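To start, the structure under review is shown below, and the notes come after it.
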Amino acid sequence: MGCCSLSARHAGSAGGSQDEVELLKTGRTRKSSISDGQSEGSLQPKDPAIPTKTDGAEALWGRTQEELLNLLITQPITGWEGRNILSLGEIVWSSWVLLRSYHMEEMSERYLVLTSFHLLILSVDHTKKAFVYEGLVPLAGMHLREVLTAISYTFEITGPMIESRIICCQNSADFDRWIQHLQDQIKMANANYSTSLTSNISFLVSRWGIDVKRRG
């Protein structure tokens with residue numbers, strides 16, 4: 001299964017600084033380096049029980065990239081109470097993965113959708129050929145690291161308000177795209193959060209000064 005994207009994105013937009021993501025590579029040998037501030041409660045790499053990939057899981061019901069994108073936009077997502085998925089912003093990247101979190105004993109099928117400032121997590125209903133809402137994770141404050149497990153192309157996402165999740169991609173190309181796009185979007189989300197926070201503080205300080213003058 002490939003990806004869906006609302007518009008073409010290129011991986012060359014990441015800056016030289018990677019405060020939120022540290023990935024060390026030596027040739028094709030992958031090593032992991034945890035970023036500063038990484039949650040101590042992160043999942044420890046282990047040999048996960050890997051579900052057998054069915055034909056439906058690999059191809060997601062034989063639909064093309066465009067058809068899957070249209071499905072996400074037009075068909076209601078079970079359990080999703082938000083507005084249309086496009087209200088989350090641009091769909092940057094999406095694909096079928098295996099995922100495990102603290103409350104999950106085994107890796108399970110998930111379909112991840114990366115938007116401008118969030119990561120949408122969906123489970124897959126093969127019977128109805130539909131997606132089921134599992135969670136919406138903010139990118140601001142997220143930490144990303146590659147992990148070494150019995151299966152390749154695996155990384156972990158954590159954060160102050162984010163439950164640690166281990167994510168295994170289908171292949172090296174999908175893995176590289178997820179890492180690159182997450183790097184870019186986390187950086188943008190953090191910059192946007194910092195700008196908003198500064199603006200809110202300036203507004204509160206200004207209002208406080210006005211109130212003090214009135215009382216004086």
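Note that Cβ sites are derived from N, Cα and C of the backbone, with glycine treated the same way.
Sequence annotations record features per position, and here TrEMBL assigns compositional bias 'Polar residues' to 32-42.
Averaged across the domain 'PH' (90-187), the predicted model reaches a pLDDT of 92. As annotated by TrEMBL, domain 'PH' applies to 90-187.
Annotation source TrEMBL lists region 'Disordered' at 1-20 (among others).
Residues or ranges marked as region 'Disordered' by TrEMBL: 28-51 (among others).
Taking DSSP states H, G and I as helix and E and B as strand, the domain 'PH' (90-187) has 16 helix, 53 strand, 29 coil.
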